[in-house]
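Chemist: Taken from TrEMBL, the feature NADP(+) binding site applies to GLY173, ALA174, SER175, ILE239. Marked as domain 'Tetrahydrofolate dehydrogenase/cyclohydrolase catalytic' by TrEMBL: 13-128. Per TrEMBL, domain 'Tetrahydrofolate dehydrogenase/cyclohydrolase NAD(P)-binding' is recorded for 147-288.
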Amino acid sequence: MRSHMDTHTANILDGKALSDRLRGEIGKEAAELTQKHGRAPGLAVIIVGNDPASHVYVKNKKLGCEKAGIHSFSHELPADTSQQHLLGLISELNQNPKVDGILVQLPAPKHIDPETIIEAIDPGKDVDGFHPYNVGRLAARQPSLRSCTPYGCMKLLAETGLDLHGMECVIVGASNIVGRPMALELLLAGATVTICHRFTENLQSHIERAEIVIAAAGKRGLIKGEWIKQGAIVIDVGIHRLEDGSLTGDVEFDEASKKAGWITPVPGGVGPMTITMLLANTVQAFKIHVGDE
Ligand SMILES: NC(=O)C1=CN([C@@H]2O[C@H](COP(=O)(O)OP(=O)(O)OC[C@H]3O[C@@H](n4cnc5c(N)ncnc54)[C@H](OP(=O)(O)O)[C@@H]3O)[C@@H](O)[C@H]2O)C=CC1
Ligand SMILES: Nc1nc(=O)c2c([nH]1)NC[C@@H]1CN(c3ccc(C(=O)N[C@@H](CCC(=O)O)C(=O)O)cc3)C=[N+]21
Ligand SMILES: [Mg+2]
């Protein structure tokens, strides 16, 4: 019973449970499409170098594919792979009719320019939704392949059952892969959107008036629990691995839980949803390629 303010704790937005549910549906659709078209949806994952954290994400992506009946093609390249070689591989995968989605794990080593790589991917196979074509589609209110992390955050927000029209949203972080496409998603959903970044003055004052907080600065504990407006929805995108191996986010979870109406945990919040939306995008890309939509 939540009869007293002091004992208030937020509802958990469970990204693991929602992922399990959605991956069941994605797997069902992948099986139907495989039956109908005689081949499974295919995802090519390219990783350059041996950053251990990146390898964990890539392993999770492959496992997610397997369980959903999506064929995964893995390309593990050494850290000294030239940009030209990588562009050659992308060009082959762009042509390969068995490959519906192409993902190049970021960050890549320093001698590789991420913008050049992203632009080389066929926009119809850009299951990360990072290509300027796909970002532009979202900006122009005609979304095609949508960036996985913001798309996953929108699915989590839908779980609250709340109408987002006119909601005061504050996004912390303005990166190309999270903050910016997140703002476009929320704008498309009819919310009022503020984007905070490195040059924002008085972050606290912005958070204090937010009905929805999206924390994606990549700074552990940046968002203080006591800043959260009573009843607000808090989506924590940040991921930080602590010395003991555990994970935590950009939000002070325990403190924020006392104020928020809804909150995502780390782990088990946004992370699993990012991979789920990657699987959903791969099925969508398959449908684009076979002309099923
Ligand atoms: N759960 C998931 O699925 C995913 C999680 N992540 C995690 O999310 C976090 C963000 O990732 P990503 O977007 O790639 O990170 P980036 O470092 O690319 O971007 C961080 C953004 O936050 C801004 N920022 C940094 N410090 C502050 C501050 N003190 N106040 C306000 N804004 C600040 C930066 O501003 P400026 O632009 O001015 O530098 C930048 O716009 C990381 O912890 C990452 O691990 C990322 C992707 C997926
Ligand atoms: N081209 C590209 N596309 C990406 O989507 C991409 C990328 N590069 N580079 C790195 C970031 C990060 N990212 C995550 C994916 C899953 C979890 C995830 O599954 N997290 C679990 C925990 C996993 C663990 O135990 O480490 C959780 O939060 O519960 C986290 C982070 C995708 N990214
Ligand atoms: Mg505190």
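The backbone N, Cα and C atoms fix where each Cβ goes, glycine too.
Keep in mind that TrEMBL annotations are predicted by a computer and have not been checked by a curator.
Owing to the predicted nature of the structure, the values given are computational and were not obtained by experimental measurement.
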Chemist: Reported in the order helix, strand, coil, what are the DSSP residue counts of the domain 'Tetrahydrofolate dehydrogenase/cyclohydrolase NAD(P)-binding' (147-288)?
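Modeler: The domain 'Tetrahydrofolate dehydrogenase/cyclohydrolase NAD(P)-binding' (147-288) comes out at 54 helix, 26 strand, 62 coil.
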Chemist: Pull the DSSP breakdown for the domain 'Tetrahydrofolate dehydrogenase/cyclohydrolase catalytic' (13-128) and write it out as helix, strand, coil residue counts.
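Modeler: Helix, strand, coil within the domain 'Tetrahydrofolate dehydrogenase/cyclohydrolase catalytic' (13-128): 63 helix, 18 strand, 35 coil.
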Chemist: Within 10 Å of the Cβ of GLY173 (NADP(+) binding site), how many other Cβ atoms can be counted across all chains shown?
Modeler: 24
Chemist: Which value in Å gives the longest Cα to Cα span across the NADP(+) site residues GLY173, ALA174, SER175, ILE239 as recorded?
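Modeler: For the residues that bind NADP(+), the greatest Cα distance is 16 Å.
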